[in-house]
Amino acid sequence: MSSPSLLVLYGSQMGTAQDTAHRIVRQAQRRRMQVKVLPLDSYSVANLISETLVVFVCSTTGQGDPPDNMKNFWRFLFRKSLPAGSLGRLDCAVLGLGDSSYPKFNFVAKKLHKRLLQLGASVLLPVGLADDQHDLGSDAVIDPWLASLWEKVFALYPSLAEVIPLQEDEPLPPTYTFHFLDDVKEETDDRLRIPMDHTVPSQSHPFPARVVFNKRVTELSHFQDVRHIEFDITGSNIEFAAGDVVVMRPCNSPEDVELFCQLLRLDPETLFTLRATDNTAVPARLPQPCTVRQLVESFLDIAAVPRRSFFELLSTFATNELERDKLAEFSSAAGQDELHSYCNRPRRTALEVLADFPHTTAELKADYLFDLFPEIQPRSFSIASSLQAYPNRLQILVAVVQYKTKLYKPRRGLCSTWLASLDPAQGEVYVPLWVKKGGLKFPKEKSTPVIMVGPGTGVAPFRSALQERIAEGKTANVLFFGCRSEIKDFYFKSEWVEMTKAGHLVLFTAFSRDQEDKVYVQHHVRENAELLWDLIAKKSACFYIAGNAKEMPASVCDALKEVFQQEGSVTAEEAEQMLVAMERTGQFQSETWS
């Protein structure tokens with residue numbers, strides 16, 4: 001059999017599956033194979049019938065949904081009209097990236113694997129189910145899975161075994177080359193140009209929304225800074241309903257941009273153009289020409305915790321013996337515990353790693369920046385307002401992420417810190433954004449009650465829902481809200497009081513730290529068993545949960561099952577089945593995040 005051409009297709013929401021796909025590509029390149037990599041929705045899926053060797057790498061989002069960049073592929077693949085043997089000539093493998101703290105762990109990879117078998121594909125090895133919750137992260141599954149993959153590929157194509165692979169310490173060619181321009185002139189930054197056409201804003205064409213206000217809504221003595229932020233979307237053609245989300249890309253801080261340019265000896269004002277070394281498209285989001293500052297500020301994710309691939313590539317540039325040995329250890333399978341102690345556990349950023357390896361950083365060529373640093377990924381926030389209550393406005397509720405590790409500097413969330421820094425009082429500030437459908441859908445029927453459990457910032461989509469429902473005359477609304485303290489972090493208190501007085505809302509509050517015994521939303525769910533049973537069993541109420549994925553959703557579900565057992569006189573097993581049935585029909589919905 002002749003040497004195969006490998007196709008690696010990925011579905012990635014936050015960049016992890018993309019990074020893993022590129023890792024497979026590098027391993028194939030070292031084996032001197034012809035290889036191509038694409039996001040699934042950039043690949044013409046009809047061509048799959050003529051492919052011979054494909055590796056699929058995909059993550060799972062939301063409640064078992066495919067990532068945004070594989071949704072079209074997903075719809076096509078599950079068409080009932082596809083003939084059973086249509087992928088008969090395909091050898092393939094599926095690697096899933098997931099998090100076992102979510103109920104639908106690696107659902108997309110499992111379902112894809114099953115569907116490929118149905119369509120007649122030959123699957124080379126069992127589906128890989130990488131788990132972020134593992135002590136060593138996803139690599140605990142990925143490493144042995146990849147070793148098995150190459151064994152299977154070598155068995156299929158014996159000619160590959162005769163090829164002398166490239167050494168691990170030999171750098172592969174960069175994806176792009178930089179061409180610096182001597183003629184440095186002021187470029188107009190068109191990222192905030194308001195589009196004159198009437199297209200709906202999207203990831204490729206975001207709308208520059210002006211920040212109208214940015215207020216802290218927690219007491220100054222409270223440990224967390226939570227922001228209520230409003231954007232002006234006049235003239236944007238943006239429409240949204242309760243449950244939808246707004247998406248935006250953050251920028252790196254000016255201090256980080258300056259430090260990065262110092263470490264790599266780059267002048268931030270220098271202009272460059274990019275050229276791809278193969279058929280890869282130049283990133284559409286980057287202007288051509290572009291300044292180094294623009295690139296580092298809005299494109300390269302230098303403040304993220306770097307993945308193992310970062311250390312693998314960095315090690316190929318190291319000439320200093322001490323640094324080279326350490327980087328080689330971090331890149332090896334045996335050194336993963338050491339890497340986690342150095343990088344993942346304290347949440348060390350890529351920029352801090354560069355500062356820790358100054359000799360190697362000094363050897364870095366600009367050409368490899370796109371291979372070293374992933375693109376800054378978009379962040380999604382539940383929309384916390386309704387267009388019916390606030391026309392031409394869009395509001396969000398953002399908890400500013402900051403925490404301590406063993407490192408001297410506190411760790412900060414890139415997007416929340418960036419948003420908190422935008423002060424409209426200091427001059428006009430714009431955020432390029434777009435809107436997409438969220439996971440929560442609210443009933444159209446006027447008579448259907450809704451029960452919402454939204455502790456903390458989880459209440460954001462329910463504020464949007466209540467504003468929308470009340471404007472439409474839908475007044476059968478129940479809200480369970482929980483926070484630490486009534487005076488420190490009771491978001492939108494005056495609004496809930498007003499809705500309650502008007503008879504549009506039944507409100508239950510749990511302030512966990514305001515008394516000796518901690519009280520949470522699940523306690524109030526149990527205490528109101530009779531009301532909830534009446535609403536769900538007799539009036540077909542829809543039940544919603546939004547908030548942190550840690551323990552709250554499972555605790556609320558357990559409380560709800562107890563309500564079913566107590567009021568409906570059913571067994572634990574029957575209560576479980578009732579909840580499953582509610583989820584299947586959309587009567588029970590949840591949107592959680594870690």
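Any Cβ shown, glycine's included, is placed from N, Cα and C.
Listed in TrEMBL:
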- 59-62, 97-106, ASP132: FMN binding site (BINDING)
- ARG347, ARG379, SER380, PHE381, SER382, GLY413, LEU414, CYS415, SER416, TRP593: FAD binding site (BINDING)
- THR457, SER512, ARG513, LYS518, VAL519, TYR520, VAL521, GLN522: NADP(+) binding site (BINDING)
- 6-150: domain 'Flavodoxin-like' (DOMAIN)
- 204-443: domain 'FAD-binding FR-type' (DOMAIN)
According to DSSP, how is the domain 'Flavodoxin-like' (6-150) divided among helix, strand and coil residues?
-> 58 helix, 35 strand, 52 coil
Determine, to the nearest whole angstrom, how far the Cα atom of PHE105 (FMN binding site) is from the Cα atom of SER380 (FAD binding site).
-> 21
Within 10 Å of the Cβ of VAL519 (NADP(+) binding site), how many other Cβ atoms can be counted across all chains shown?
-> 16
Among SER59, ASP132, SER416, these being the binding-site residues, pick the one whose CA is nearest to that of VAL519 (NADP(+) binding site).
-> SER416
With every protein chain in view, how many other Cβ atoms are within 10 Å of the Cβ of VAL521 (NADP(+) binding site)?
-> 26
Do you know the mean pLDDT across the domain 'Flavodoxin-like' (6-150)?
-> 90
How long is the line from the C-alpha of LYS518 (NADP(+) binding site) to the C-alpha of SER416 (FAD binding site), rounded to the nearest angstrom?
-> 28
Measuring Cα to Cα, tell me the gap between ARG347 (FAD binding site) and PRO103 (FMN binding site) in whole angstrom.
-> 26
Cα nearest GLN522 (NADP(+) binding site) among binding-site residues (SER59, SER382, LEU414, SER416) -> SER382
Which of SER59, SER416, THR457, GLN522 has the fewest nearby Cβ atoms, counting only those within 10 Å, among these binding-site residues?
-> SER416
PRO103 (FMN binding site) to SER512 (NADP(+) binding site) - Cα separation in whole Å = 26
Count of other CB atoms lying within 10 Å of the CB belonging to LYS518 (NADP(+) binding site) = 12
